[in-house]
Amino acid sequence: MVRDRLLKILRNLRGGDSPAERQRNVTFDGGTQTGEVSVSGGRTVTRSQLDEAYRNTDASDDLRQAQAVHLGQVLDDPASASGDATDLGRRHVDAEVSAAAFAETYEVGVEELVSETFERLGHRLGANNEAVAEELQRAEDELQSALSATMADMRTGLDAYGSAGSVGSADEEDELNVDDDDLLDGIGVPVFMLDTQRDEVAAWNSALADLTGVPAEQALGTENVSEAFYPDGRRVKTLADKVAEAPESADVEFGVGRADTERRLYTDESTMVDREGVERSIEFSAMPLYDDGELIAVVETVRDRTEDVRRQEGVTSLVEELIGTLTAMEMGDLSARASFEDEHGVVDDSLVEVVGQVNAMAERFETLTERVGEKADDLESSVEQASQSARAIDERVGEQTEQLSEVATQMENFSASMEEVAASSDEVASAAEQAKASADSGLESSEGAREATDEVIEMSEELVGTVTELESQMNEIEDVVEVIAEVADQTNLLALNANIEAARAGEAGSGFEVVADEVKELANETREHTEEIAGRIEEIQSQANETVVAVEESNEQVKYAGQEIEDALVALEEIADAVEEAATGVTEVAEANDEQAANVEQVMATVEDVRDQTREVEGATDDIVSATREQTEAIEELAARVDDMRSES
């Protein structure tokens, strides 16, 4: 049954994927009402893919859907789907669907399966190898082209039969004209098949012939696969031999790997020497093939992992070289440099370039270390200075905190003093007002005193005039007294003459003598009184002179007092003005003092804030001092390590 064998081979080849990848295997689930036929793992086949096969037919949607379900079963489990082929063939005959169109529906599934298979092979084999990926793409294109041509040829042949009976027979459907060699060669990877019923090699593609140097003509029919597979002639069991002996439990019996328990996919690894004498690292995947539950063959694929192994070994060697270089640098050997040669040219250039980058980095690091050593010395000195400065700042901040505390205390005292000054200013202002009132009163009194003084001066001047006039009158009285004295003297002379005449007259002149005596006595008394008056007048005159002098002196004193009063009046006016200004000034001082007191309160609040901030700064400087100390220790440790690295290198 060529068709089933073909589908089995393709499906089993796909079984070499990882378990995660196998979850994406293609299975048709029959689609949805939108006409899509989904593929497990996220792929979908749209209705249009089947509609293309039915383009010139009258096939109903139900028939198309049934065929899609059947194709899914064929791809997933051909054994369970084989019984539906006859019924569907007849339904297509009844729908007058040509044999070619019916066969074309299978082409959709085959193409999808091939694409899926090669995609997984590319993911597995060509993910990190562009050459392998390109080869797989080429093989896929060739296989798709060959299959397309084969299916087209098959459709042409089916049309030639032209009878419904040719479609209704499942056996005839299975006899497809497919070239197995073209199919195996189109896969693009080394493959051989072991016929378990004949115990011989039944298939050997060109890729495997290129790998082993053994052509298919020589390998086919060989009973001992290892003789054909290994050019060195070793006789060992291949993975296909082991699977043929224990198809259900080769992993248990022979200790090989089992990648898929459901599909019985086994894996193994080994080395071989190719026809050019080069040792190759290879990986095998083998799967048993059944026909109606009977083991008929084992298909084994071979993957040449030589480049992968060499690449891994090269990368490992490269990494070890880099690690060794970096470790040496870590241990202090700053002159260490990496050296790597890609013998097989399999390591990516970007990785090889890392060697140069690491060496350049090491060169820069060595230079940088020397600079760091120099800078560390400078930094150590700078940090020490910074540490000293930080400690000095800490001390000064502490002193400032204490000083601010003292300033705060002094400001509190000053505030209290300002309050006292404010109270005193109020009292002074009140006293100034009273002084101003007193000065105004004194000014008024001074005005009265000046007026009284003016009157006294005027009266004193009048008194001086009166006394002067009195002195003049006293002089006149003195003249009169002198005249009286002269009259008395003349009277005495007359009395004397009378006595003389009386004496001459005798008794006749006695009466005249008496009169003369009385006149003389009167003249004497007059003289005495005149002398007494003259004495009194002299005393009065002397007193008058003294009075004149005293009055003049008093007048001068009064005038001086008047001037003094005038001066005092001016002074009082000035005092009044000054007191008024002082009162105004005191009031302004009181107001200014109130403002100053408010400012002092603000200053006190500011001082408190500054003191709090200073305390915070003090705490921060403590942290700075501590951090600087730690930094100093770190710098010292860095300097020591740099010195060690210098000495070791």
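Every residue number used here counts from 1 along the chain in the order it is shown.
Cβ atoms here come from the backbone N, Cα and C positions, even for glycine.
It should be emphasised that the depicted structure is a prediction, and the values quoted were computed from it without experimental measurement.
Per TrEMBL, the range carrying the annotation region 'Disordered' out of 221-249, 424-452, 511-539 is 424-452. Coiled coil is the annotation TrEMBL gives to one range among 376-414, 610-648, and that range is 610-648. Across all of the domain 'PAS' (183-232), the predicted model scores a mean pLDDT of 84. Look at the domain 'PAS' (183-232): DSSP puts its residues at 21 helix, 10 strand, 19 coil.
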